[in-house]
Amino acid sequence: MNGTEGPYFYVPMVNTTGVVRSPYEYPQYYLVNPAAFAVLGAYMFFLIIFGFPINFLTLYVTLEHKKLRTPLNYILLNLAVADLFMVIGGFTTTMYSSMHGYFVLGRLGCNLEGFSATLGGMISLWSLAVLAIERWVVVCKPTSNFRFGENHAIMGVSLTWTMALACTVPPLVGWSRYIPEGMQCSCGIDYYTRAEGFNNESFVLYMFFCHFMVPLIIIFFCYGRLLCAVKEAAAAQQESETTQRAEREVTRMVILMVIGYLVCWLPYASVAWFIFTHQGSEFGPLFMTIPAFFAKSSSIYNPVIYICMNKQFRNCMITTLFCGKNPFEGEEEGASSTKTEASSASSVSPA
């Protein structure tokens, strides 16, 4: 084994010199340059000061503007709540721990931080999958005479929480466990060991296939069908510049959505799978820390892609920030006037 395993921790360094210590009790500066902990803390601070305001503003603006409280927007609000879970429950703890060089909150704190951060991440991940399903259903209408309503939206939100809890509760009750990961300043699922009594192998397989591959397949299928439907509508109205413009915007948006999902989860899932299938191989603390950066950054670019680029949300946010007036209203109206012929296609687009 090219690491040191202890009670509820795994440090990616062989303890041949006797320097390895518990990440719950001692600074881990022997793992990487101490400056790396400062960089980690600064990055967490950056995510907090940008991630919290933009997600909180999303919720506040929705309360302020009744027209935003529509069933199709429920999942976007759920996405903002998920990001706030990550910011409040995960990023603050990681920043505080990085300032000390180790996970200072102990075993209980590791469980709470691992649960909160993973819960937020899983709600966010499943929200993107449900959002893809909702947009596919609304635009492609696979079922005739179907009308998307509040009950369907509530079912979608409930599904995200059910799947997220199905992923995050088991490590608290003995199916796998939360342990410090990477630079030992944040906690996550134990991909590193085959600790006796925790059945890590079965849980990691369950996580990878059910909570990564399934949402990925859903997103590719739904957005693939949606793009086909939009292109067919555009082909039927080739003389309409409006329809062509809407098609380009929807295509751009779908590409952004898929890339956003892959950038967020593919590095983390790939590295976790590699560690799981190559247990005993040598890898440094940064090997898991850097992919986690991508997953955590979703708290910023998810709102930008899915909320701030949504014309209705964007206008309401600007109106709220400018005390009831939108200084860009003329430009927005001029841009939107060219899209009236393609309302069904542009309903999937945030622009």
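Placed from the backbone N, Cα and C atoms, the Cβ positions cover glycine too.
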Per Swiss-Prot, which of C140, C167, C185, C187 is disulfide-bonded to C110?
C187
Would you say whether Swiss-Prot puts Y10 on the same side of the membrane as S176?
yes
What else in the chain is close to the topological domain 'Extracellular' (97-110), if you only count residues 6 or more beyond its ends and a Cβ gap under 8 Å?
8, 23-29, 34, 37-38, 40-41, 44, 178-180, 183-187
When DSSP states are folded down to helix, strand and coil, where does N15 (N-linked glycosylation site) land?
coil
Tertiary neighbours of N2 (N-linked glycosylation site) (same chain, Cβ under 8 Å, six or more apart):
P12, V14, G280, S281, E282, F283
Take a look at 37-61, 111-133, 203-224 and tell me which one has the most Cβ pairs under 8 Å to the transmembrane segment (74-96).
111-133
Where N200 (N-linked glycosylation site) and C110 (disulfide bond) are concerned, what is their Cα separation in Å, rounded?
17
Among C110, C187, C323, the recorded positions in question, whose Cβ has the most other Cβ atoms within 10 Å in this structure?
C187
